[in-house]
Ligand code: NAD
Ligand code: LMR
């Protein structure tokens, strides 16, 4: 029997990530090729005409899975009945800016959209915040939507995770699909810690540790980390625009794995509400290694954390605590 359509909200849908993301959702890349969808697209009034253009193109593409499009500048209409909310709306960083610089503009959006989601989304709606500062926007959304369960509010660090897989695959000249279990710890910012200590590569003679195969700790503890941390800035420098297709694709990966589950023996990175695991202060949205089953994520426990990693985890947690304080000062 055909499934009921899932309602998927994309905010900032007239923007560049939105433009890359909505056809992916309509093709079944996010929720599966047997899952019909109704897209809810939200943007602000100055972008209304462009948003309508996106809606026209969605109609023109005749996606078999797409059962309807609600394109609106009304946040209540956009949020009503949605099962998945991908929050992309906001202002991107420009060359030379740090994510903190977009804080003032963006956190207030998340405070105001929190209550619309809380009141009008479907029960158990899963929320993914993409707009920067992603972790702190997600935290603000959580705090101003207290009736949405905290397990349902996440932020995107899957792009960083995928960037780390990509760097290892290029360095070892192996298929990216054969690399797994990298970890992004912490903030979606240049303080994040891309960790390969538990990552492996599938080889003809079994799974091997990335550290052994690379055999260059200086690279893994230096250039690899800074390349992943700075990749967003490198894309901005090259394109004069921030990443869009990779962000959209990673947002689909995040939701797909959350809803449909992670493969056996594989974890992914998600920004989730910290519960004190790995001595990360609770009360932050922090990127952890997670596995997903039956629509729920679980932080992978028991991984060894060496002294080098501990310092990096603490540094990114400190930055998130500072961002949280700054966000509250912007809102007061
Ligand atoms: P963009 O400027 O092309 O699009 C953003 C859209 O949001 C615009 O159409 C704008 O009108 C809309 N918008 C602004 N305020 C809004 C509001 N209150 N409600 C609804 N829509 C609103 O930007 P983009 O390149 O698509 O990037 C969007 C966000 O995603 C930025 O904050 C960017 O920094 C962030 N980003 C995050 C990641 C990640 O991995 N977490 C990766 C790339 C980009
Ligand atoms: C990215 O990581 O590409 C985005 O967060 C954009 C940015 O500002 O770095």
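Note that Cβ sites are derived from N, Cα and C of the backbone, with glycine treated the same way.
All annotation found in TrEMBL is predicted automatically rather than curated by experts.
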Residue from 43, 160 that TrEMBL also lists as binding NAD(+) with 12, 13, 14, 15, 16, 17, 18, 106, 130, 131, 132: 43
Most crowded position, judged by CB atoms within 10 A, among 93, 163, 188 as recorded positions: 188
Distance from residue 132 (substrate binding site) back to residue 12 (NAD(+) binding site), taken between C-alpha atoms, in Å: 12
16, 106, 132 as binding-site residues, winner by CB count within 10 A: 132
Local confidence of the prediction over the domain 'Lactate/malate dehydrogenase C-terminal' (157-325), expressed as mean pLDDT: 98
Cα-proximity to residue 188 (active site, proton acceptor), 10 Å cut-off, over binding-site residues 18, 132, 163: 132
